[in-house]
Every structure is written in structure tokens, then in C-alpha cells.
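Engineer: Swiss-Prot lists 39-59, 97-117, 123-143, 193-213 with the feature transmembrane segment, giving sequence analysis as the kind of evidence. What Swiss-Prot lists as heme c binding site is Cys42. Marked as heme b 2 binding site by Swiss-Prot on the basis of sequence analysis: His93, His194. Among the features that Swiss-Prot reports, heme b 1 binding site is placed at His107, His209, with the record citing sequence analysis.
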Amino acid sequence: MFTKQVTNSKVYQWFEERLEIQALADDVSSKYVPPHVNIFYCLGGITLTCFLIQFATGFAMTFYYKPTVTEAFASVQYIMNDVNFGWLIRSIHKWSASMMVLMMILHVFRVYLTGGFKKPRELTWVTGVVLAVITVSFGVTGYSLPWDQVGYWAVKIVSGVPSAIPVVGDTIVELMRGGVSVGQGTLTRYYSLHTFVLPWLIAVFMLLHFLMIRKQGISGPL
């Protein structure tokens, strides 16, 4: 994988002596790829790429976004109108979010239709389903953060759905809203979920998902 000029350098030899990077490079570059693999097997990688774009653009917006019911909408307008390239960053975040959900759905269908969920890859499928749920949760929580009319009523409707569940329904609603009604508590919880809890969860399950794929390889044709 490395050229002779690189492998003969003192810097390379220093790292090789301590980390055995040649063995790591050989393992990465020599993994067998079945001949039946086509472009549809790239959907998972595209989903990951969309997530990385989401992470970068979302992190950039946290410098300007204010998670309060009185300032959230104004801070989003500030990002769009006054921050250098803010309109571009938020637009990329918005469209890559839609693309991530679409690619995730297509990836799930591809795995299901090609039988990639069967033995011995059941746990890979389970972690994938968990990742799908987390991805949708990103969409639900992120949709509310601009705190405009669309975001407010979307949160009100979504958080009110569990009220139909007997006994525990009202408790779940209050837990989701941070109180009896939609307000500052709701926005704070959704912001915390969107920027801290869900990113950590998706990182953990992505790591598990990739390690399993790396260990078991790509499933064979039907």
C-alpha cells in the first residue's frame, strides 16, 4: 500500500516499530469484495457520508443558535442572513438531512431484499434497525429547533401521540414535552437530544455496526 520511498523513511519506520501500521494497511486494503457487489451496496456508505456532513454543519451552527423559545427563531434568521456562508451551511444541513433519511431507507430495503439480515448477520441487522430509529429521531428533534410555526406544531402533534397509550400515555407526553404543555422545557430537551444524546448513541451503534460488517464481510448473493 505504501511506496518504497515512504517505507524507507525514518518517520514511517518510527511509526511502524510502535504501531505496525503496515499490517493495519494490508488488512484494510486486502479485504475481499464479492463479485456480485454493485452500486446499491454503497447506500450505507452514502448514509455515513451524509451523517458526517450533518455533524460538521450542525457543529458550525451551534456557535450561533440559541435554544430558547424567545431567541431560537431569531438566531436561525441571523445564521441565514448575517453569518458568513450561514445560509449555505444551514441549507447543506437541511438537504443532507433529507438525503440521509432517504439513503437510510434505501439501504434498509437493499439489505432486506438481498437477505443481508440472515444468519450469521442478525446482530448487524439489529444495530442497523437501531440506527434507523436514531436517524428518524434526529429528524424529529431537529425539525423543532427553528421554533417556527411548522416546528412548533410538529412537536405538539408528535409529542401528543403517546397520550393514546393507556395508563402511561400522559406520563410519556409530559416526559417528551418537559411539562404539561409545549414550551421552553420541550425545546431544551429536543436540543439536548439532537446535539448530545443522539450523536453519542449513533456513534456507538455505528461503531458496532461497522465492526460486525468488518468481521463478517458482505453477504453473498441470494
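Glycine too: its Cβ is placed from the backbone N, Cα and C atoms.
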Engineer: Give me the stretch from 39-59, 97-117, 193-213 with the greatest number of Cβ pairs under 8 Å to the transmembrane segment (123-143).
Structural biologist: 193-213
Engineer: With every protein chain in view, how many other Cβ atoms are within 10 Å of the Cβ of Cys42 (heme c binding site)?
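Structural biologist: Here the count is 14.
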Engineer: For His107 (heme b 1 binding site), find which of the binding-site residues Cys42, His93, His194 come within 10 Å, Cα to Cα.
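Structural biologist: Neighbours among binding-site residues, in sequence order: Cys42.
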Engineer: Could you list the residues of the same chain, at least six apart in sequence, whose Cβ is under 8 A from the Cβ of His209 (heme b 1 binding site)?
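Structural biologist: Spatial neighbours, sequence-distant, of His209 (heme b 1 binding site): Thr124, Thr127, Gly128, Leu131.
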Engineer: For His93 (heme b 2 binding site), what residues in its own chain, 6 or more apart in sequence, show a Cβ-Cβ distance under 8 Å?
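Structural biologist: Sequence-distant Cβ neighbours: Ile53, Gln54, Thr57, Gly58, Met61.
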Engineer: Give me the count of other Cβ atoms within 10 A of the Cβ belonging to His194 (heme b 2 binding site).
Structural biologist: 21
Engineer: I need the CA-to-CA distance for the residue listed as 'heme c binding site' versus His194 (heme b 2 binding site), whole Å please.
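Structural biologist: Computed Cα spacing between the residue listed as 'heme c binding site' and His194 (heme b 2 binding site) is 26 Å.
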Engineer: Across all the protein chains here, work out how many other Cβ atoms are within 10 Å of the Cβ of His107 (heme b 1 binding site).
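Structural biologist: Cβ-Cβ neighbours of His107 (heme b 1 binding site) within 10 Å number 23.
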Engineer: Could you say whether, by DSSP, His194 (heme b 2 binding site) belongs to a helix, a strand or a coil region?
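Structural biologist: DSSP call for His194 (heme b 2 binding site): helix.
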